[in-house]
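**Student:** Have a look at this one before I ask anything.
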Amino acid sequence: MRRNLTPFFFLLPALTLMVPFVIYPVFKTIYLSFFLGDKFVGLENYKNVLLSPDIVNLERFPTKSPPWGALIHNIVWIAIHLPTTIFLGLGFALLLRKKEVKGSSIIKSIIFLGMVIPMVVGGLIIRFLFEEGAGVIPAFFKLIGIEKLAITWTAYPQTALFSVILGSIWIWTGFSMLMYSAGLASIPKDYYEAALIDGANKFQIFRFVIWPLLRPITVVIVAMTLLWDLKIFDIVYVATGGGPGGASMVLALQMWDYFARSLNYNYAAVVAVLLTALTFIPALWLIKRRG
């Protein structure tokens with residue numbers, strides 16, 4: 001009996017920390033989501049939050065400029081950010097995998113820099129890059145004669161959301177590049193040599209040799225990117241604050257807004273529960289695929 005209980009004694013320190021800091025807050029958040037003040041309202045809070053233009057604004061989406069609602073902003077973020085970072089990460093990994101490429105290590109370090117710096121610093125960099133008169137992006141559009149985009153992107157509803165999405169692509173591309181670089185390094189050279197002997201060209205080698213072997217890594221990258229896109233907070237908070245007028249508001253920031261600005265703890269709890277449920281989808285998908 002004592003031997004059977006030994007593992008539980010080793011778990012006690014972790015459980016002692018998890019109960020007050022993880023388990024209790026989770027159940028307390030779920031509890032608050034069903035109340036309005038001290039009154040039990042069931043699913044009424046969920047109905048009000050999901051129908052709120054703060055979360056989904058179908059009157060403006062997709063015919064008008066943002067704000068479209070925090071949930072739609074997250075979906076747009078995923079639709080742009082996920083495929084772009086995978087494509088760029090894979091592209092850079094393929095181009096820089098050979099040691100013969102001059103400066104490949106330096107280029108990789110620059111690309112991966114976005115993952116190393118704190119997200120708060122990343123948000124400040126994004127705000128600076130898209131600032132009129134100082135940023136690289138407005139200066140570029142002014143140089144090529146597109147004056148409409150030579151503005152402070154974070155200050156206008158039409159461009160604020162896309163400025164933080166584009167900035168986050170630089171931040172996250174380093175992660176996918178690093179993962180794909182590790183995957184490419186693990187592929188034996190014999191596979192390439194066998195394909196060349198069989199008369200395969202570069203595209204066929206990528207399609208039938210490289211890509212199938214990189215699929216498990218791609219699953220991990222997709223799941224991790226989805227989780228990051230859903231819980232994104234800090235760079236948006238620093239770069240735009242969710243503005244102007246909620247044009248770049250995302251779910252995690254909307255949750256904070258309900259909690260800290262509106263002092264509506266019940267609505268904040270609802271968004272927290274919804275956000276947790278959404279993050280479970282890629283997490284469970286990853287576990288299933290890896291299993």
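Cβ coordinates are placed from backbone N, Cα and C, and glycine is handled just like the others.
Owing to the predicted nature of the structure, the values given are computational and were not obtained by experimental measurement.
Quick paste of what Swiss-Prot says about this protein:
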type     : residues : note
TRANSMEM : 7-27     : transmembrane segment
DOMAIN   : 71-286   : domain 'ABC transmembrane type-1'
TRANSMEM : 75-95    : transmembrane segment
TRANSMEM : 106-126  : transmembrane segment
TRANSMEM : 133-153  : transmembrane segment
TRANSMEM : 160-180  : transmembrane segment
TRANSMEM : 208-228  : transmembrane segment
TRANSMEM : 232-252  : transmembrane segment
TRANSMEM : 267-287  : transmembrane segment
**Student:** Pairs of Cβ atoms less than 8 Å apart decide it: which stretch in 7-27, 75-95, 106-126, 133-153, 267-287 has the most with the transmembrane segment (160-180)?
**Tutor:** 75-95
**Student:** Test of understanding: applying the rule of at least three C-beta pairs under 8 Å (pairs 6 or more apart in sequence), is the transmembrane segment (208-228) touching the transmembrane segment (106-126)?
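**Tutor:** Contact criterion not met.
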**Student:** Cβ under 8 Å to the transmembrane segment (232-252), counting only same-chain residues 6 or more beyond its ends: which ones?
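**Tutor:** That would be 54-55, 65-67, 69-71, 73-74, 77, 119-120, 122-124, 126-127, 154-158, 160-161, 163-164, 167-168, 171, 271, 274-275, 278.
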**Student:** Short question: which residues 6 or more past the ends of the transmembrane segment (208-228) have a Cβ under 8 Å from it?
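**Tutor:** Same-chain contacts beyond the ends: 78, 81-82, 85-86, 89-90, 94, 172, 175-176, 179-180, 182-184, 187, 191-192, 195, 200, 279, 281-283, 285-286, 289-290.
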**Student:** When you scan the chain for residues with a C-beta under 8 Å from the transmembrane segment (75-95), skipping those not six or more beyond its ends, what do you find?
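**Tutor:** Non-local partners: 68, 101, 107-108, 111, 161-162, 165, 168-169, 172-181, 183-184, 206, 210, 214, 218, 221-222, 225-226, 229-230, 232, 250.
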